[in-house]
Amino acid sequence: MPDFSRELALGGVVAGVDEVGRGPLAGPVVAAAAILPADLPPEIAALIDDSKRLSPAQREAALAALIESGAAISAAAASVAEIARLNILQASLLAMRRAVARLAVRPDHVLVDGQVAPDLPMPCTPVVGGDGLSLSIAAASIAAKLVRDRAMSRLDRRYPGYGWARNSGYGTKTHRDAILGLGITPHHRRGFGPLLPPA
């Protein structure tokens, strides 16, 4: 379970940052940033974990509790066009920078999930497996996952048949079969695999 030890060791205002959506065949990559109150109640901390370990209902409950606790949370995306122009890593880092810039509170330090840190105007520390280690990063992972899933559900209503409300744009059999049968939409990532040749 993630804890608050890294944040406490750094002192000051610490934001956790994570992204979701690097691997899908369609849709944006979304990042979120979270600054948790130092006195976060233990019953709320117990709700927070790596978003991949939580059900949709658990993620919704955790985010609602975090907002109620006074956590500062923001999210931002990089579009399919930006992914094509920059590459997925650089687009992910762009979304992270945008999420940090949107925070209502400027952090003194940022903890980011993964091996590569975005270029930010404050110190930034990458934490491999951070969404399972840091409460702030885990909170960001929950927010990013919810924001991206909601975006893909909206796109699913505009482009029915690809199953995006269920597969979030990942390359499931249903999604791959739909690409073969229905073709490619403007929200597919060209160059992501043999079904999506470069434009």
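Note: Cβ is positioned from N, Cα and C throughout, glycine not excepted.
The feature domain 'RNase H type-2' is assigned by Swiss-Prot to 12-199.
All chains included, 29 other C-beta atoms sit within 10 angstroms of the C-beta of Glu19 (divalent metal cation binding site). The divalent metal cation binding site annotation in Swiss-Prot covers Asp18, Glu19, Asp113.
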Reported mean pLDDT - the domain 'RNase H type-2' (12-199) | 97
Around Asp113 (divalent metal cation binding site), how many other CB atoms lie within 10 A of its CB?
-> 26
Measure the Cβ-based neighbour count of Asp18 (divalent metal cation binding site), defined as the other Cβ atoms within 10 Å of its Cβ.
-> 32
Compute the mean position of the Cβ atoms of Asp18, Glu19, Asp113, which form the recorded divalent metal cation site, and then list in sequence order the other residues of that chain whose Cβ is within 8 Å of it.
-> Val17, Val20, Ala31, Ala32, Met96, Val112, Gly114, Gly130, Asp131, Ile137, Ala140, Ser141, Ala144
